[in-house]
Amino acid sequence: MRKLEPGRLIIASHNQGKIREIAALLGPYGIEPVSAAELDLPEPEETGNTFIDNAELKARASADLSGLPALADDSGLCVDALDGQPGIYSARWAELPWSERAVDPAADAGEVKVERDFSYAMQRVHDELLAKGPEAGRDAHFVCALSVCWPDGHIESFEGRVDGTLVWPPRGDRGFGYDPMFQPIGRKETFGEMDPGEKHGMSHRADAFRKLVEALIG
Ligand SMILES: O=P(O)(O)OP(=O)(O)OP(=O)(O)OC[C@H]1O[C@@H](n2cnc3c(O)ncnc32)[C@H](O)[C@@H]1O
Ligand SMILES: [Mg+2]
C-alpha cells in the first residue's frame, strides 16, 4: 500500500463543514490541507452509485487537475425505515424544488453564495418517516467514504460508519448538514449539540479516517 507523504494534500470538497473536520483530523500528521475551492477546482458531477464511487471520482478529478494528491469524502445519512435514503443523495435532498426557489432574487441569480440550509432536508426526512406510519423506526447511520488519489492515478479508499437514532425537532447548531437530528447510540446529545472534538472521536468520518491513517500514514 502506498504511503501518504507529509506535504500538500488537496481536500476535494466544496463543503466547509467537511473541510473543517478533515483539516482537524489531519492536524497531527504534518499534512497541509488545501481546499479544492481555494484552487478554484470545479465540482464534478456525482454520477456514481455508491459512496466509494463518488469519493473516487471527486478525488480523481482534483488530482488530475492539480497534479497533487487529493482526498475526497463522500458521505450521507442512511435511514433504515426509508430503505437507506437519502444515502448518496443526502446533499441533493437539500436542494429546494424549483417551485420554492425564487424567494431571494439575488440568490436565485447566483449573485450571492449562501451556505446550504439543511432545515429543508431534515424536514423532508422527518415528513417521509411520518408518511411511513407510527411503526416506522428511527434507526439511522451515517456513512463516510474517503478516497486518496495520486496524480499518477493510483487510488485508495476507506469507509466508515456510525449508528444512531433520529430525533425531532432538530437540536444544536455546532455541526453541519443533518447533525442536529442525529443522536449517536449511547449519547443524549445530537451531533449538532456536541463539542466538535467529541464528534471527531466517534463519527463516520473519524471511523474512515482511522482506517486511512492506519493504511496510508501510520
Ligand atoms: O461533495 P462535496 O463537495 O464534498 O460536498 P457535499 O456537501 O456535496 O458532500 P456529499 O456529496 O458527500 O454529500 C453528503 C451530504 O451528507 C451530509 N453529511 C455528510 N457528513 C455529515 C456529517 O458529518 N454530519 C451531518 N451531515 C453530513 C451533508 O449534508 C452533506 O452535504
Ligand atoms: Mg457533493
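The chain as shown is numbered from 1 upward.
Cβ coordinates come from backbone N, Cα and C, glycine included.
What TrEMBL says about a protein is an automatic prediction, not a curated fact.
The substrate binding site annotation in TrEMBL covers Ser13, His14, Asn15, Gln16, Gly17, Lys18, Ser75, Phe176, Gly177, Tyr178, Asp179, Lys199, His204, Arg205. What TrEMBL lists as Mg(2+) binding site is Glu45, Asp74. What TrEMBL lists as active site, proton acceptor is Asp74.
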*asked:* Which binding-site residues from the set Ser13, Gly17, Asp74, Ser75, Gly177 have a C-beta atom lying less than 6 Å away from ligand 1?
replied: Ser13, Asp74, Ser75, Gly177
*Using C-alpha positions only, work out which of the binding-site residues Ser13, Asn15, Ser75, Asp179 is nearest to Glu45 (Mg(2+) binding site).*
Ser13
_Around the C-beta of Gly177 (substrate binding site), how many further C-beta atoms are within 10 angstroms, looking at every protein chain?_
23
*Cα-Cα distance linking Asp74 (Mg(2+) binding site) and Gly177 (substrate binding site), given in Å to the nearest integer*: 13
*Within 10 Å of Asp74 (Mg(2+) binding site) (Cα-Cα), which of the binding-site residues Ser13, Gly17, Asp179, His204?*
Ser13
*Are there residues of the same chain, six or more positions away from Ser75 (substrate binding site), whose CB falls under 8 angstroms from its CB, and which are they?*
Lys18, Phe51, Ser90, Phe142, Val143, Cys144, Ala145, His204, Arg205
*Rounded to whole angstrom, what's the largest C-alpha distance between any two of Ser13, His14, Asn15, Gln16, Gly17, Lys18, Ser75, Phe176, Gly177, Tyr178, Asp179, Lys199, His204, Arg205, listed as binding substrate?*
20
*For Ser13 (substrate binding site), what is the tally of other C-beta atoms lying within 10 angstroms of its C-beta?*
25
*Would you please pick out, from the binding-site residues Glu45, Asp74, Asp179, the one with the fewest other Cβ atoms within 10 Å of its Cβ?*
Glu45
*asked:* Taking DSSP as the reference, which of helix, strand or coil describes Asp74 (Mg(2+) binding site)?
replied: strand
_Using DSSP and collapsing to three states, where does Ser13 (substrate binding site) fall: helix, strand or coil?_
coil
